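> First the structure, then my questions, so here it is.
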Amino acid sequence: MPTDKLFERQTTIFSFVLGLMLWLSLTASLFFKPSWLWLDEVLSFILLSDPSWAHMNDALVANIDANPPLYFNLVWLVANKVSLNPYFLRALSVAFFSIAVALFYRHTTRLVGSPIRNFVIFTLVIGLTYLNFLLLTQIRSYALYLLLSGIYFISIQPLIKNPATPRLLAMHWLTGSALILTHNFGFFYIAASLSFFALLYLWSRRQAYWWVALTHLLIFGTWFLLWYSNFKIQSLAGKPYSWIPDPTFLLSFQTIGELIPTLSSRLEASAFLSFLPVLRVGIVFALFIYIAIPHQKQGYQHVTNNGALSFYLFAGFVMFLTALTSLVVSLTYLSVFLSRYQWPSHLLLLYQLVYAYHYFAPTLATPPYMTRVVPLYVGLMMGFIFYQNRKLVNFPSGILNYLPTTKATYPIFFESADYFLPIWHHQVANARYLLHRKTALTKGNRKSSSTDYNILKSVREKYNVKSIVWSTEFTKQQYPHFYVVDEASRYQIEYFIATHRVKVVRIIPVPIAGHRILDCVYL
């Protein structure tokens, strides 16, 4: 690994440029796209805009969110001092993402060298990965989760060679604890890294690795002491059903494939190209095995004395083991297999791709003209990233085009929280949501209906949102005439029609699959 002053200077400059170009282009794009908050972002905004820190934490535990408190407490302190404007909150998420990428680029380059080539690889991979743009601007914990996972990966790498260094062990405990106090899925990454060090111990019989095992256990213990009792309460929101679909063979590859760059995620969604995620995941896995096996055969000392190689083995092992264990848990206990939960694996993939590039082109020199064209490349990439983020909108607002515009005082009931919360928050319709436990738990109803019920019940209880209607309030006196956005995948209004409490006087067709609007009166 090069260590001269020019290399250090280039690495520092390119890390700064990378972080700044991402933050500027992504933040600027926020002002050129619809400002819709989707369901989870509305819940985050409700919590963050709570004037009481204590009440916010109480509401957080009461099923409104399903994650630990670090993100909400950190951002609540910042937002209530600076601004609660959604643009500011999203720009803060962009800042977390940009810092995460810049720090990981710096660590990667210090291990493998070649600042300019690494800069190009990082920007191309980030710009061609749809999942990045889906998550990085959200008023959610994902961007902070990515940042802390990146810092965790960086902090754990030196322990491969120096497992008994107190300073490194303390940093590992602190970063790991911060990670799992930001997102519960961090457990899978901590468990995967523990498994990696367990294999190192079995391979080398080096007793010092017990210290690393101890700090892993301390991380689990920290979460257990600080959050487990609250986690048990939060987990009730997902009962009796998890809203996350059970993974199938193809869906599993699609989920992991979302972490890997692609020229067109839209094309891959078509039936005749559905094999592409399987192909891309297979290529990444085969690449890892192809590079890892020959080096592993050269022995423990060969691996641990080479920081770039040992981190490559760590990155691939943790990425694939995390995917495998979460898949097994999803198939046998509770579905947790989502690409956004595995977003930290995108950083591990970035390192694998950079390392693989240098593995196959170790002597390829950077042409002298590359330095001169970097400003042009940066400008082009900023434009591309701006465009990529601008075109993505998280909330499907097409239903608004078909909502009744006459007699606007009539309430409009939505059967899903996905529609209700954003429309209620942005005040574009007289939106209502009916809390009716019996229909939410009816067999055959969409699994997310019970989660919607539990979450919105807590919002009504903690924040007294009157647009969320108790079933006892759903009467002829209060709602003699109303509309319902009826979704074929959800069962609610059908119950009231079947029991002769509600009559449909008119059906308004909607050119959205599985949707219609019912003009109803209470009998």
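In case you wondered, yes, glycine gets a Cβ from its N, Cα and C as well.
Automatic prediction, not curation, is the source of TrEMBL annotations.
Residues or ranges marked as transmembrane segment by TrEMBL: 12-32, 87-105, 117-136, 142-160, 181-203, 209-229, 271-291, 311-334, 369-387.
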> Taking residues 6+ outside the transmembrane segment (181-203), which of them lie with a CB under 8 Å of any CB in it?
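Same-chain contacts beyond the ends: 66-71, 141-142, 144-145, 148-149, 152, 156, 159-160, 163, 209-210, 212-213, 216, 219-220, 222-223, 226-227, 231, 300, 304, 313-314, 317-318, 321-322, 325-326, 336, 341-342, 344.
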> Any contact between the transmembrane segment (311-334) and the transmembrane segment (142-160), i.e. 3 or more CB pairs below 8 Å with pairs at least 6 residues apart?
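Yes, these stretches are in contact.
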> Are the transmembrane segment (271-291) and the transmembrane segment (12-32) close enough that 3 or more Cβ pairs fall under 8 Å, when only pairs 6 or more apart in sequence count?
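Answer no: the transmembrane segment (12-32) and the transmembrane segment (271-291) share fewer than 3 Cβ pairs below 8 Å.
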> For the transmembrane segment (142-160), which stretch among 117-136, 209-229, 271-291 has the most Cβ pairs under 8 A?
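Ranking 117-136, 209-229, 271-291 by Cβ pairs under 8 Å to the transmembrane segment (142-160) puts 117-136 first.
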> So are the transmembrane segment (117-136) and the transmembrane segment (369-387) touching or not, going by 3+ C-beta pairs under 8 A with a sequence gap of 6 or more?
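In this chain the transmembrane segment (117-136) contacts the transmembrane segment (369-387) - 3 or more Cβ pairs sit under 8 Å.
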